[in-house]
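Novice: The structure follows.
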Amino acid sequence: MKIERVIVQNFRSHKNSEIEFKPGINLIIGQNGAGKSSLLDAILVGLYWSKRMRLRGLKKDEFTRTGTRGAIIEITFEEDGTKYKVLRDFARNVSYLKRLDGREWRHVTETSMESVSSFIDRIIPYNVFLNAIYVRQGQIDAILESDETRDKIVKEILNLDKLEKAYDNLGKIRKYIKYSIEEKEKFIMKTENIEDLIRTQEKSFTEVLNEIRNISSNLPRLRRELEGIKEEVKTLEATFNSITELKLRLGELNGKKGRLEERIRQLESGIEEKRKKSKELEEVVKELPELEKKETEYRRLIEFKDEYLVKKNELEKRLGILSNRLQEVKRKIKDAESKVARIRWIEERLKEIQEKIMKLEPRVREFEDAMRLKAQMESLKSKLGGLEPEKINEKLLYLENRKKELEEEIDKITRKIGELNQRSKDRRLAIIELKKARGKCPVCGRELTEEHKADLLRKYSLELSSIEKEIQEAKALERQLRAEFRKVENELSRLSSLKTIADQIIEIRERLSKINLEDLKRDKEEYELLKSESNKLKGEVESLKKEVNELNDYKNESTKLEIEIDKAKKELSEIEDRLLRLGFKTIDELSGRIRELEKFHNKYIEAKNAEKELRDILESLKDEREELDKAFEELAKIETDIEKVTSQLNELQRKFDQKKYEEKREKMMKLSMEIKGLETKLEELERRRDEIKSTIEKLKEERKERESAKMELEKLNIAIKRIEELRGKIKEYKALIKEEALNKIGEIASEIFSEFTDGKYSGIAIRAEDNKVKLFVIYDGVERPLTFLSGGERIALGLAFRLAMSMYLIGKVDLLILDEPTPFLDEERRRKLIEIMERHLRKISQVIIVSHDEELKDAADHVIRIRLEGGASKVEVVS
């Protein structure tokens with residue numbers, strides 16, 4: 001992979017930055033907090049942003065520039081002769097990856113964050129990029145943390161974790177095959193007596209078939225005998241059923257005869273009663289003609305009274321409503337005529353207010369802008385945690401100086417610990433040699449007496465205790481210094497991120513200092529009062545105009561109301577005239593006459609009811625007489641039928657033999673039960689036959705499976721042996737690859753580290769063990785542990801090892817990114833790093849280095865400077 005161009009917008013301090021990278025060594029220089037490392041983080045996010053990165057604690061809110069919707073990152077790079085362009089737009093949550101095809105860019109993935117990351121991960125895995133290509137700030141000495149950490153990093157770079165996974169998967173397969181072998185062996189043992197079971201079932205099958213044949217031969221004879229008896233019983237049952245039906249028929253006829261005789265008696269009695277009642281009703285009906293005259297007058301007066309009362313009430317109520325509305329309309333006409341002058345005054349006042357509002361509007365907008373700036377400044381201040389913006393630069397300078405002091409102190413104490421460890425080791429060796437010595441002192445060469453030996457041992461032991469005490473004190477001081485160093489670094493990181501915010505606050509404060517907020521506030525308040533008065537007056541004038549516009553409507557309504565009132569009065573007069581024409585002066589006189597006619601009305605009602613009842617009785621008499629005639633005819637017919645049925649019944653009873661009928665029925669039942677029992681037994685035998693047959697087939701199938709299991713067992717035993725061999729080869733191959741890679745990395749790292757230390761150390765030694773990679777330095781031809789190194793030498797070793805891993809990957813990966821590789825290197829080692837860059841890093845197609853160290857420019861092909869201006873990072877190409 002070679003990175004050609006990076007465009008970053010709204011990413012931390014980068015508002016809108018574009019950088020082109022060239023083949024060779026690209027150096028990005030600038031002061032702390034300028035945005036150098038942020039640019040490298042933007043490359044990492046642009047290439048690999050996914051759920052995996054979010055899970056590792058990197059959040060959009062942390063890298064999105066304050067006051068923007070989201071960062072935008074575009075990276076153009078080349079891989080294996082093909083150009084790609086990746087875009088991450090966090091404001092719209094959009095991402096794409098395109099490939100240059102001729103002169104046209106074409107999509108190669110779906111437009112989603114995860115799809116783009118997956119494709120790039122196939123080109124260069126994320127772990128390889130993070131652990132070998134991109135060496136992040138503060139991680140140079142991470143390789144020296146522990147043997148386990150080194151082992152993990154080496155495995156990821158060499159893809160040994162995949163071989164380990166294959167090794168583990170083969171172990172799982174081996175376990176499964178062993179389980180299968182056990183299951184096959186259990187099955188073979190379980191089916192050991194399969195042949196005996198088959199013979200037993202075949203014998204049972206033959207016995208069942210014989211029973212089926214015996215029953216099948218007897219059933220036809222018994223069924224024929226049953227059919228003959230059934231025919232005889234059927235004939236006797238037909239006669240028996242006929243006798244039963246005739247008895248039922250005779251009972252029905254006698255019952256019907258009794259009911260008819262009872263009905264005839266009821267009809268004769270009812271006819272006599274209705275004849276008497278009809279004579280009584282005829283006497284009442286004779287008075288009906290005279291009563292009808294009185295009823296006609298009664299109805300006419302009642303109808304008029306109801307109409308009179310309803311209409312008079314409606315007219316009086318309507319007159320009241322119309323009169324009230326007329327008074328209200330006349331009042332509104334008077335009010336509307338008085339409001340025209342008020343409208344003219346309001347319109348003049350509104351013109352004056354509008355002129356003042358137009359003059360104040362620019363001042364109001366200026367006030368609102370100032371208040372927004374003030375709110376933004378307060379929001380930014382809250383992020384500073386109480387710090388004054390002007391104090392941040394002073395504190396940053398102090399912390400950078402303190403960081404350098406701590407680096408020097410840590411380097412000094414680390415050297416001291418190394419020297420003390422060596423002195424301690426020397427004293428321990430001297431004590432061991434002294435204990436072994438006989439005759440001659442190994443220290444001074446004099447004769448060694450027991451007393452002299454004891455004195456020397458006491459002396460060396462006291463010196464050793466003193467050295468150990470000094471080591472513990474030095475280590476305690478080192479821990480204290482490193483703890484303070486981490487605090488200083490954390491505070492530097494925090495203040496660097498706050499510097500942009502502080503610059504924005506200062507800029508806003510300068511803009512606000514040029515504005516008179518009190519004057520603007522007074523103008524704003526006057527503006528609001530005028531707007532409020534204007535709205536009230538506009539509402540009032542609209543209401544007044546509406547009322548004035550309705551004046552003609554009110555006048556027309558007044559005229560119509562007067563006409564309606566006259567019409568209602570006329571209708572009221574007409575209904576009073578109708579009362580007089582009927583002969584009554586008042587409604588009370590009319591009510592008195594109606595009360596006189598009510599007794600005739602009641603008699604009329606009684607006579608009309610009697611007339612209706614008489615008609616009903618006469619009609620009923622006619623129907624009952626007809627029904628009586630029909631009943632006599634039906635009774636004669638039923639008596640004839642009774643005689644006929646009685647004759648037929650006597651004839652059948654004479655021919656029917658009840659005893660013979662019962663004997664035949666009993667024999668038929670016994671035969672049916674015998675046949676049913678045989679059929680049931682036959683069904684059971686056939687079911688058993690099928691079960692035995694199925695069992696035999698299953699047993700034979702198990703016999704086949706048993707033979708197959710024996711063959712599979714042989715294959716599984718061969719397979720498990722091959723898996724064991726393959727696991728052994730994978731283990732050997734993994735160890736071989738790891739050893740070869742570590743040897744090569746060791747050679748490269750030895751050369752670089754030796755150059756760093758001017759030959760003080762002739763190289764390094766690497767030994768691989770299970771899940772560990774142990775690292776030693778070679779001093780005076782002897783392997784020494786890493787505790788032998790001073791602080792600066794440890795950093796040099798870490799850098800040498802990280803560079804060696806990247807050099808090893810040349811041919812597989814042609815890109816290296818270093819973020820601040822020199823923070824703990826002294827001047828001499830920084831100079832050596834330049835020589836190493838010239839000699840070794842030029843073997844890599846493209847190297848990107850971020851540093852605040854100006855000395856590195858001498859070794860770079862392309863130099864880019866980043867500085868902070870007005871809270872935003874600015875990019876400048878130096879060479």
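Placement of Cβ uses the backbone N, Cα and C atoms for every residue, glycine included.
Below are the features listed in Swiss-Prot for this protein:
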BINDING   ARG12, 32-38, GLN137, 788-793  ATP binding site
BINDING   CYS441, CYS444  Zn(2+) binding site
COILED    241-344  coiled coil
COILED    390-429  coiled coil
COILED    462-727  coiled coil
DOMAIN    396-493  domain 'Zinc-hook'
Novice: Around LEU789 (ATP binding site), how many other CB atoms lie within 10 A of its CB?
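Specialist: For LEU789 (ATP binding site), the count of other Cβ atoms within 10 Å is 22.
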Novice: Where else in the chain does the coiled coil (390-429) make close Cβ contacts, counting only residues six or more beyond its ends and a cut-off under 8 Å?
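Specialist: Counting only partners 6 or more residues beyond its ends, the coiled coil (390-429) has Cβ contacts under 8 Å with 32-33, 384, 460, 463-464, 467-468, 470-471, 474-475, 477-478, 481-482, 484-485, 488-489, 491-492, 495-496, 498-499, 502, 506, 787-792, 794, 823-824, 826.
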Novice: Check each residue in the chain of GLY33 (ATP binding site) that is at least six apart in sequence and keep those whose C-beta is under 8 Å from its C-beta; list them in sequence order.
Specialist: SER13, LEU396, LEU495, SER496, SER497, LYS499, LEU868
Novice: Look up ARG12 (ATP binding site) in the DSSP assignment and report helix, strand or coil.
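Specialist: Coil, per DSSP.
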Novice: Starting from the Cβ of GLY35 (ATP binding site), draw a 10 Å sphere and report how many other Cβ atoms land inside it.
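Specialist: I count 27 other Cβ atoms within 10 Å of it.
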Novice: Cβ-Cβ under 8 Å from GLU793 (ATP binding site), same chain, 6 or more residues apart: which ones?
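Specialist: Spatial neighbours, sequence-distant, of GLU793 (ATP binding site): THR757, TYR761, VAL777.
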Novice: Do you know the mean pLDDT across the coiled coil (462-727)?
Specialist: 83
Novice: Please state whether DSSP places GLU793 (ATP binding site) in a helix, a strand or coil.
Specialist: helix
Novice: Cβ distance under 8 Å to ARG12 (ATP binding site), same chain, sequence separation 6 or more: which residues?
Specialist: GLY35, SER38, ASP41, ALA42, PHE63, ARG65, SER497, THR500, SER873
Novice: Under DSSP, is SER37 (ATP binding site) helix, strand or coil?
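Specialist: DSSP assigns SER37 (ATP binding site) to helix.
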